[in-house]
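Trainee: Got these off TrEMBL a minute ago, pasting:
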{"type": "ACT_SITE", "residues": "ASP152", "note": "active site, charge relay system"}
{"type": "ACT_SITE", "residues": "HIS207", "note": "active site, charge relay system"}
{"type": "ACT_SITE", "residues": "SER395", "note": "active site, charge relay system"}
{"type": "DOMAIN", "residues": "460-549", "note": "domain 'PKD'"}
Amino acid sequence: MKKKWLVGVCAALLLSGAAQAGEQVAVKFDGASNAEAVIQTFRSATGADLKMVRLMSGNAWVISLPDNISDQERARILDALRTIRGVDWVEAETHHRTNTLNGGWIPNDPNLAPNQWNLHDPAIPGNAKGAINAVNAWSSSKGDGIVIAIIDNGVNATHPDLRGKMLSGYSFITRTGRGTNTQPPAFGAKCANAAQQNGSAPTMVYHGTNMAGIAAAATNNGLGIAGVAPNASILPVKVMDECQASSFDVADAIRWAAGSSVPGVPGNPNPARVISMSLGAAGVSKCDAVTQAAIADASAKGAVVVVAAGNESGPVTTPATCHGAIAVAGLTYAGALGSYSNFGPAIAVAAPGGGGVVTQPDPVYGWSLEDIGATSYDSDGRNLPIYNSVGIGTSNAVPQVAGVAALMLAQRPALTPAAVRQLLRKSARSFVDSSCNTWICGAGMLDAFGAVTLAAQAVVPNASAIAPKSVSTGTTVALDGSQSSSANVSYAWTQLSGPKVTLLNANAAIASFTPTVAGDYQFGLTVTDNASGLSAGTSVLLSAAVPATTSSGSSSASGDGGGGGALSLFEAVLLLAGGLLAFAGRRRIR
């Protein structure tokens, strides 16, 4: 059955009964490239009337199951698909919603900085203990040149506090037709399928704009709020509207945002270095193969993927559980784990999501932008002269981590996604409340100033590889990387080309191998600084040849010398001529 990625308070989804009409699954299949040939293969293997939907990114085929089949028939079809030679995996479609609990609307104020408790220095008495200290980080970095992709329900490109920051994005909603319109859904819009409503209508139409504002709203412009990365650009990538998002659409969106190609979609001219996803699948912890492959591809492109842990007060939900994702829990004003936040060992770091009881006006909420521009509405649809909103949830925590990642990358663009994750965790402040520890809330509380400082200090290692240019087969050859950085580094040797060999001590400074076949061999060395996670690479090329062999022999000849040895060319000719004369003489005698 379909699983759902939902907005607002995540509720567990009951997976029972007959398969719904039009249920889709994705199949990673390498056996054919023609859609008709693929679907015929699937039909033959399953005996079911399957329908081809499309080719998605990652070379996976999206197909539709027959309508209204039983759970048993559904399971039989999926099992049959998995047995086809060339099928890597089969995954049912999952749906996602955003992770915000709405707090209402607040009066317009052109100077909102005092209300953004989450951005201040927590070390100053009276400030929120859960704050991230972004104000001190801005003296070093404001996120210049970094693109943050907001994968959500659209972003209002005309919002005054996002003016000049928006890039051209793309909508990946297959249900309504893909295209360049990334504006949010209409106020009060409701999903035709009530079971797939994306949170509480009408308030969730503002969600994507909220997240964009938290991450990178214009700052020091006399209106609205300050963004964590005020000079970063926003790439809107729409995967949901008033209805929830398909995991297949989300996977395509992740790849496109990072700069990979997606069938039938124009290329992305502004690849994101940071991808912010404040969404998740209600009650589903296991990361599906579709989303995992997309996140792995994005990471390989250099994109940092940040995902909400979820708001179910339980285990972390997918896609935050996918390998390579930075899962974020929500903290309160006081630095405690939000009562709404999911938790567990999958969490990388915790950041303000709002919540908690304090005496200040509305400090429990996270401040952001609404979706309409200079006009907004309350829960009854009444027009209000405001354009700022407040909310609570792990959704709010995600763009803060994404914004800090942008600050780090602007300071040190060479940082890899793994390095960003490592430095975020290393710089995190210790928890101040017993509700959190490093097992359930990650490494600590997000510290923007600390993370940017570590990024600036990150060591870029030097990689040096030395090997003889020519060697003989059957001999042991040393690959020497000991002249690389002498600091706290790790080594990784890999064979790049040539006849396959076994590398000994491949994770040491000096590796070795024994060529058994003549040919050219190339090996790569990656040196990684263990403190920063930064890496450098180099390679070495050498040739192996079969060693030359020397022949020796002895000969005896009658004569006084009694010696022996190799005959000269002149001696060999004389012997041959003598033999021919003797043979001719014998013939005449006969």
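Heads up, the Cβ atoms here are built off N, Cα and C, so glycines get one too.
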Trainee: Give me the CA-CA distance between ASP152 (active site, charge relay system) and HIS207 (active site, charge relay system), in Å, as a whole number.
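Mentor: The Cα atom of ASP152 (active site, charge relay system) is 7 Å away from the Cα atom of HIS207 (active site, charge relay system).
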Trainee: List the Cα distance (Å, whole number) between HIS207 (active site, charge relay system) and SER395 (active site, charge relay system).
Mentor: 9
Trainee: Over the domain 'PKD' (460-549), what does the predicted model average in pLDDT?
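Mentor: Here the predicted model's pLDDT, averaged over the domain 'PKD' (460-549), is 92.
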Trainee: Where does SER395 (active site, charge relay system) sit by DSSP, helix, strand or coil?
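Mentor: For SER395 (active site, charge relay system) - judged by DSSP and reduced to three states - the answer is helix.
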Trainee: DSSP says what for the domain 'PKD' (460-549): how many helix, strand, coil residues?
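Mentor: Its residues divide into 0 helix, 44 strand, 46 coil.
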